[in-house]
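S.K.: I'd like to ask some things about the structure below.
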Amino acid sequence: MPSNKSVSDAPIVQFTNCRILRDHQLQREDLWVREGKILNPEKLFFDEKGSADIQLDCKDSIIAPGFIDVQINGGFGVDFSLATDDFKSGIDLVSQKILSHGVTSFCPTLVTSPPSVYHQVLPQITVRNGGAHGAGILGAHLEGPFISKEKKGAHPEHCLRTFEAGAFQDLLATYGFLDCVRIVTLAPEMRRSSEVIRELTKRGICVSLGHSVANLSQAEEAVQHGATFITHLFNAMLPFHHRDPGIVGLLTSDKIPAGRRVFYGMISDGIHTNPAALRIAHRAHPKGLVLVTDAIAGMGLAPGRHTLGQQVVEIDGLNTYIAGTKTLSGSVATMDTCVRHFQEATGCSVETALEAASLHPAQLLGIEHKKGTLNYDSDADFLMLNDNLCVQATYIAGEEVWRQDASGM
């Protein structure tokens, strides 16, 4: 067999004295990384006769896959739903700042906006890998404007739209650009939504159900046409009712096509969802739970007035409201906070809590062969955490991009 150097001249890093989250369990073994990928040490030893160039003592840390946030509206003063001349520098700032919260990939999310905003902002969102510059961008999440007036939540009513005769063409004209779009949230009870769901799914875009008054059969029909996600379960949808559980009923529906899993987002910030509701959802369908922050521009900033697209919001502690109302409008919780709250509220295992922010969102987006796991040959995007699930260091492609108590990079 060839020697180590003939396979690759890149250095091999061995992370020792750690517990790795692999195959749903924390396992006491070393992690081997080369050229941004996780190595199989057996192949390295036996096929390449290779060894580590660098050894790093992890001091008994947990090593887990990097977190993936599929619903984040902004943060640190940046609002993704505002069309600005320096939009790119705003998205760069957020992608850099969320590294300290363990997020290594994300979907910048736009709330319901006028077509002019989509036309200006979407061409400026580029799908890209993460690195020292910040977390990777997986594509945009467009939450609205094809949603229910009754369940609009913090979305501006004057911007809401319905599907007309050429339903998919309406959507194309509204957004103007689908190249960077990864997820679209819509209300499945809207007329002609089925053909839109089919068309989006055909293009590899994930369809999420939310901001909706759909009953269970409408939600099941949407899943049969290709929808795979529920946007912030319990929030902005009909409450569970025993005779018609609505979208919530998808968690235990027997009408889901064979081989398909429905995932659902949860804002585990202690504000949006009562811990008992979090426990009910988790126990009903643990493998579908995806933690999302639904963070707004005010995340990481002092309480006060901030924006969410076309609206002004007020932050009071962890509560965020449309100014002058008691309508909740996104969250200011960070992803690592959501993971810790989820684990505490449900009493689930550390492994389960970590996978809800890594493996499950990767599975939702169909990228679990690259992200969300520490399997051999997957991307070396991972975190070091202590036993309290506080992030100590963040790595992307095997490179340290943030460390606790360091002054940044």
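A Cβ is built for glycine as well, from the same backbone N, Cα and C atoms used for every other residue.
Curation does not apply to TrEMBL; its annotations are automatic.
Predicted, not measured: the structure shown is a model, and the values here were computed from it.
The domain 'Amidohydrolase-related' annotation in TrEMBL covers 62-401. Under the heading Zn(2+) binding site, TrEMBL lists E143, H211, H232. Annotation source TrEMBL lists substrate binding site at A154, N235, A236, R243, H272, L328, S329, G330. Annotation comment: TrEMBL describes D294 as active site, proton donor/acceptor.
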S.K.: Do you see any of the recorded positions E143, H211, H232, D294 whose C-alpha is within 10 Å of S329 (substrate binding site), and which ones?
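M.R.: Of everything listed, what lies within 10 Å of S329 (substrate binding site) (Cα to Cα) is D294.
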S.K.: If you count CB neighbours within 10 Å, which one among the binding-site residues H232, R243, H272 has the smallest count?
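M.R.: So among H232, R243, H272, the binding-site residues given, the one with the fewest Cβ atoms within 10 Å is R243.
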S.K.: Whole-number answer please: how many Å between the C-alpha atoms of A154 (substrate binding site) and H211 (Zn(2+) binding site)?
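M.R.: Approximately 10 Å lies between the Cα of A154 (substrate binding site) and that of H211 (Zn(2+) binding site).
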S.K.: Please report the number of other Cβ atoms within 10 Å of the Cβ of E143 (Zn(2+) binding site).
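M.R.: I get 29 for this one.
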S.K.: In angstrom units, rounded to an integer, how far apart are the Cα atoms of A236 (substrate binding site) and H211 (Zn(2+) binding site)?
M.R.: 5
S.K.: Including all protein chains displayed, how many Cβ atoms other than that of N235 (substrate binding site) lie within 10 Å of its Cβ?
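M.R.: Here the count is 18.
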S.K.: Taking the Cβ of A154 (substrate binding site) as centre, how many other Cβ atoms lie within 10 Å?
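M.R.: Result for A154 (substrate binding site): 24 neighbouring Cβ atoms inside 10 Å.
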S.K.: Among H211, A236, L328, G330, all listed as binding-site residues, which has the most CB atoms within 10 Å of its CB?
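M.R.: Result of the Cβ crowding comparison: G330.
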S.K.: What does the structure give for the C-alpha distance between E143 (Zn(2+) binding site) and L328 (substrate binding site)? Integer Å is fine.
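M.R.: Distance between the two Cα atoms comes out at 16 Å.
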